[in-house]
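Structure, as structure tokens:
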Amino acid sequence: MLFNKDKNNIGGRSIESTGFAWWSGNARLINLSGKLLGAHVAHAGLIVFWTGAMTLFETSHFIPEKPLYEQGMILLPHLATLGWGVAPGGEIVNTYPYFATGVIHLVSSAVLGFGGIYHSIVGPDVLEDSFSFFGYDWRDKNKMTTILGIHLILLGIGAFLLVIKALFIGGIYDTWAPGGGDIRFITNPTLNPAIIFSYLLKSPFGGEGWIVGVNNMEDVIGGHIWIGVTCVIGGIWHILTRPFSWARRAFVWSGEAYLSYSLGALALMGQTAAEYAWYNNTVYPSEFYGPTAAEASQAQAFTFLVRDQRLGANIASTQGPTGLGKYLMRSPTGEVILGGETMRFWDLRAPWLEPLRSSNGLDLNKIKNDIQPWQERRAAEYMTHAPLGSLNSVGGVATEINSVNYVSPRSWLTTSHFFLGFFIFIGHLWHAGRARAAAAGFEKGINRENEPVLSMRPLD
């Protein structure tokens, strides 16, 4: 049966038939797999539509003379990071790939939108009777783990798509490429599990930075290979096996429980993305997203070091007002670092600064003889584009927020992902509590008999 026979009684529309009012959203469709499919497909269509429309909006407003991070872009930097339309140094030279990406997403959203409307209005209320493969029962533990397995395989394929792009299809932008960044093929991805999985065991503080501390594209692509393999193998495992008895006892098996698990995973992803957007300058290259806070502070110290060195200052021995080195000093571990208040960020790693290091920190000989013009230009640009706001000359502290002229994409992305992740985590707790209460057999939510909406005039 490809359609709903009774057009005047589409499932999930009334509180009498579902037990939920209209504002309860998809809760009305808990037992209507066909209509829930329509809601999910339509939701995917909305997401893809926003992506396509916003990509075209950013492309139409793009100014070649300005860096992306000065133009409030949040989608084009992602496409540039993938190596589309980029020249050495992160210069955007071709916007056609961005236009094509936007159009492809718009067309895809139309297909998804049609599918969502079809399954919401025309398609069968439930899939179990007509399409048993797509049908399900929330209590069917084996079916639920099969669906989990399918999702894991799709996630693995997504990870492999990035790997294929970096290894075979045009390469990927590497901010660490010599001379200030370039597109290159990742020919030797890191496959050593000791290296890849050691990131999970690193301290989240300082230069270690947990998984956010990754600072080379070989590890990034190697990590995606491991993620892809793990997800595909895990997906096949969950499709072919039944849940063990301990898993059957440990988990709550209901639609709301699965929702809570999903929200918990999304919250973790959102918080991790926020950390990446704020701290990492490898997968979020500063050429596209603007400098990190630490990078802007170091850039300021570096810029004034270059200026004063040209004016004859002895950068090796000059002391600042506190008696510490004005230009260079020692870190807590004995490395030579930039002086002044940048000591807060002494363990920063950035492509424009690393060529001046040796085994014991910054190399005085390199600083005196090897500083390149592109390093000076980049530091001068980053100095005035901190994600915190504009910097003054005191030493890297934001004293006056310059939000009228510049707000860093790092600020937008970090703040949005942090708060979305936080509130999604609250949703995880809420639905987990309701699911556990239902499984335990006691009352949850408000009393349906006295629900305010029952005394209100119907919307139609």
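Numbering starts at 1 and runs along the chain as it is shown here.
The backbone N, Cα and C atoms fix where each Cβ goes, glycine too.
Feature list (source: Swiss-Prot):
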- E354: [CaMn4O5] cluster binding site (BINDING)
- 56-80: transmembrane segment (TRANSMEM)
- 121-142: transmembrane segment (TRANSMEM)
- 165-187: transmembrane segment (TRANSMEM)
- 242-262: transmembrane segment (TRANSMEM)
- 278-299: transmembrane segment (TRANSMEM)
- 434-458: transmembrane segment (TRANSMEM)
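For E354 ([CaMn4O5] cluster binding site), applying a Cβ distance below 8 Å and a minimum sequence separation of six or more within one chain yields W176.
DSSP assigns E354 ([CaMn4O5] cluster binding site) to a helical segment in the three-state reduction. Same-chain residues lying 6 or more positions outside the transmembrane segment (165-187) and placing a CB less than 8 Å from one of its CB atoms are 80-84, 86, 88-90, 215-218, 221, 281-282, 285-287, 351-352, 354, 374-375, 378. Residues 30, 138-139, 141-142, 144-145, 427-432, 434-436, 438-439 of the same chain lie 6+ residues outside the transmembrane segment (242-262) yet bring a C-beta within less than 8 angstroms of a C-beta in it.
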